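Following: one structure in C-alpha cells, then a few remarks.
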Amino acid sequence: MGGTPELKLYNTLTREKSVFAPIDPNNVRMYVCGPTVYDFAHIGNARPVIVFDVLFRLLRHVYGESHVTYARNITDVDDKINARALRDHPGLPLNEAIRAVTEKTETQFHADVAELGCLEPNVEPRATDNIEEMIEIIEKLISNGHAYVASGEVLFDTKSMADYGQLSKRPLDEQQAGARVAVDAHKKNPGDFVLWKLSSHNEPGWDSPWGRGRPGWHIECSAMSRRYLGDIFDIHGGGLDLIFPHHENEIAQSRCAHGTEVMANVWMHNGFVQVEGRKMSKSEGNFVTIHDLLHTETFGGRKWPGAVLRLAMLMTHYREPIDFSIKRLEEAERLLAKWPATEPGDAKPDEAVMNALADDLNTVAAVQALHALAQAAHTDAAVGATFAATAFLLGVLPKKAEIDEAVAAAVDALVAIRLEMLKAKNFAEADKIRDELTAKGIQLKDGKDAATGERVTTWEVKR
C-alpha cells in the first residue's frame, strides 16, 4: 500500500472491524445495490451512493485506478415499475409504458448522482440484460436441491441451507411474515422466497423452463454480481434495510448455486436517514427527492448545491443514523464556504485524513482534519495543493476536468428528459427544464436528425 495506512472495514457478516485484504490486489471488486427505477431517488437513496463513492475513491487511491472494479446495478424489472407504468401511461401498451418510466427515472438518477460529485461505477448492469444468467442460477439451485417449483413459481428452500440467516443473525424459525417476507400456502417453509414467478399476458416476461415469467428481486443481484465480479468478490454494500431479506437471500442463492463458503468477504451497510427527526415518508409529507433538494425550493424554501448535500452526509459516520435537516445543510454550506478553491497538482492527500478514512471510512474525523487543513491552505500554496488532493479524495472538491464531466453529464441527462417530455407533449415540463438550464447559462438548440427526422437537441454554454 506504499505508505498508505492499513485499511480497516466493519463487516456486517462478522460484526467486527478488521483489516481489509482483497482477494486480488490487482482487481479489487465491489458490488453495491443500485436503484429500482420506478421513482426519482430520494435523499435516503443518496446516502449509499455517496458513502460507497468515497470507498471507491479510497480503493482507487490505495490500489490504483485501474485495479478496482465497482459494479452498481439498475433494477428495471419490478412490480412497482409495472404499477407506476400503468398509473403514469394508461394509454400505452405496458411494455412501452414500462420503458418510458425506467428510461426517464434512470436518466434522472444519473443526473442526480453526477451533481452529488460521484464517480461513475465501472459497470452498471441492468437486470433486464441479465435474465439468462438468472435462469442459469435458478436451474443450478433446483438441480442442487435448494429450490423447488410450486404453483407456477420457483422458490428457494431456506431449510436446505444449514446456516441460512448468517448475515442478519435471524434464526430460521423466527422468520415469519414481515420484513418483506411473504407467507403463502404453497411454500414449504414460511421463509422460502421467490426466484421466478409466472407473468400474465399483459405483464413483462421472458421464456424459461418454468414458463413465461420474470425473476424475483433477490436473484437479480446474485446474477449480476457473479457475471461482472465472479463467484466470490471483496465487498458488497447497501443500506441497512437490505440486510434482511435482500442480502441474506443473495448470499443463500449464490453460495448454494456455486458451492462457495461466502458470496462476498466484506458486507457493509450504511445507516438510516430521517428528516427533521421523523422517518421519511410521503404520508408524513417529508419525502424529499435529490432532484427536489437541488432544483426546487421545497426543503427550507431554497435550492441546495450538490456539494452541500454530499458534505452533509459525510459529517456523520456511515454506520450511524442521520437526522437530515435544514440546520445540517446550513452547517455544511458554511463549512464549504470557508474552504479555498485550489488545484491538487501532484500533491498527496493529508495523512490525518487518510488515517481517518482508513479507519472504517471515518468521514467525521476526515472532514474535521480537512477543515483544519483548509485554514492554512489560504496562505500556503503547498498546503493548498495538499488540501485540494485530500478534498478530491472525499469528492467535495473535484478536479476541474471532473467538474466539466459532471456538469456535462447532468446537462445531457436533463436534455434527454426534456426530449421525452416533448415526445409526450408535456410542453410545460419541457419548458421548465429549458428555463432551468437557461438560468444556469446553458443554451439549448432544437433541430431534426437529417437521417431519421427525429427531434434532437444540442446545447452549449453561453459565453
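Any Cβ shown, glycine's included, is placed from N, Cα and C.
Residues or ranges marked as Zn(2+) binding site in Swiss-Prot (evidence: sequence analysis): Cys33, Cys221, His246, Glu250. Look at Swiss-Prot and you will find 35-45 tagged as motif ''HIGH' region'. The motif ''KMSKS' region' annotation in Swiss-Prot covers 279-283. The ATP binding site annotation in Swiss-Prot covers Lys282 and is backed by sequence analysis.
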Students should find that the Cα atoms of His246 (Zn(2+) binding site) and the residue listed as 'ATP binding site' sit apart, in Å rounded to an integer, by 23
I'm trying to understand the geometry here, so how far is the Cα atom of Lys282 (ATP binding site) from the Cα atom of Cys33 (Zn(2+) binding site), in Å to the nearest whole number? 23
What is the number of other Cβ atoms found within 10 Å of the Cβ of Glu250 (Zn(2+) binding site)? 27
Greatest C-beta neighbour count within 10 angstroms, which of the binding-site residues Cys33, Cys221: Cys221
Could you tell me which of these binding-site residues, His246, Lys282, has the greatest number of Cβ atoms within 10 Å of its own Cβ? His246
Determine which residues of this chain, when Cys33, Cys221, His246, Glu250 are set aside, have a Cβ within 8 Å of the centroid of the Zn(2+) site's Cβ atoms, and list them as they appear in the sequence. Trp217, His218, Glu220, Ser222, His236, Gly238, Leu242, His247, Asn249
Mean pLDDT, the motif ''KMSKS' region' (279-283)? 81
By DSSP assignment, list the helix, strand and coil residue numbers for the motif ''HIGH' region' (35-45), in that order. 3 helix, 2 strand, 6 coil
For Lys282 (ATP binding site), what is the secondary structure state per DSSP, taken as helix, strand or coil? coil
DSSP three-state assignment (helix, strand or coil) for Glu250 (Zn(2+) binding site): helix
Work out the three-state DSSP category of Cys221 (Zn(2+) binding site). helix
Local backbone state of Cys33 (Zn(2+) binding site), from DSSP in three classes: coil
